[in-house]
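Now, the feature entries from TrEMBL:
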type	residues	note
DOMAIN	13-274	domain 'Tryptophan synthase beta chain-like PALP'
MOD_RES	Lys33	N6-(pyridoxal phosphate)lysine
ACT_SITE	Ser60	active site, nucleophile
Amino acid sequence: MLLPSPIHQVSFRGKSLFVKRDDLIDPFVSGNKWRKLKYILQDAAEKNKKHLITFGGAYSNHLLAIAAATAKNHLKATAFVRGEEVSNPMLTLCKLFGMQLRFIDRQSYQHKEALFEEHYANDSNVYFVNEGGASKEALIGCAEIIEELKEGFDHIFCAAGTGTTAAGLLKGINKLQLQTTLHVIPVLKGGEFISDEIAMYESDLNKLQLHTDYHFGGYAKTTPELINFIKDFTSSTGILLDPIYTSKMCYAIFDLIEKGIIKKDAKVLMLHTGGIFGILGKIDQFS
Ligand SMILES: *Cc1c(COP(=O)(O)O)cnc(C)c1O
């Protein structure tokens, strides 16, 4: 476990960027998923629960993180996987770490607590972990990213799926009263809802800026421009981006600098939230 995660300075397209390498914390429990799981695992241990039950899509970084973390901690894990039964490299890795997979139709998947009740009502050993690890424990873990910073930044960027990570970062920024703007890039279409999600956890949104135009068509959608950006950034910096989350955020950073919205000489920190195995689902596009 590489903690605190290092900050690397890179230069790309003539601009300097600091990268908080949460992708290096652990190869499989990577990035923000490690941050989210830290206190979830602690809570499960305190409650003496040995079997984690969780939820995710067929290419979920969260499932892989849970699978690897439970294996390491001698716990059991079962995942309800959204949709019809499929096999892919990500799910194969999950199974390799000993995770049990239960495919579930999209309708039933909507009702996670009902599923949990239905299947595990009489099992005192189980612990419910929400999709993506969303929880108050996750927020505490994500706020610690800010507490690890030893210097100030004008701007911090992060990608958002549910907004839990962003909420934790904002909590950290507000708590330490930093003069830092948090820029959040939703990776889904219609990402305006992310500010409501964040507001459920953190009421002071003054330091928050949401950029909703960098979804590239929607969740897990890509364009040739995005794929080329990943190739260019990775070969120029040695830092691999995933096509679902971090590449969209990183693209946004350089686009906002290009447009003059972020000043060229500003000190910018990008949070690399990991998830690079997401590239396995899009690997054909890179050949
Ligand atoms: C899950 C994930 C996110 C999204 O985190 P949220 O807290 O759901 O917003 C961002 N980046 C990566 C690499 C992820 O795996």
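The backbone N, Cα and C atoms fix where each Cβ goes, and this holds for glycine too.
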Across the domain 'Tryptophan synthase beta chain-like PALP' (13-274), average pLDDT on the 0 to 100 scale
97
Calculate the distance in Å between the alpha carbons (Cα) of Lys33 (N6-(pyridoxal phosphate)lysine) and the residue listed as 'active site, nucleophile', and round it to a whole number.
11
According to DSSP, the residue listed as 'N6-(pyridoxal phosphate)lysine' sits in helix
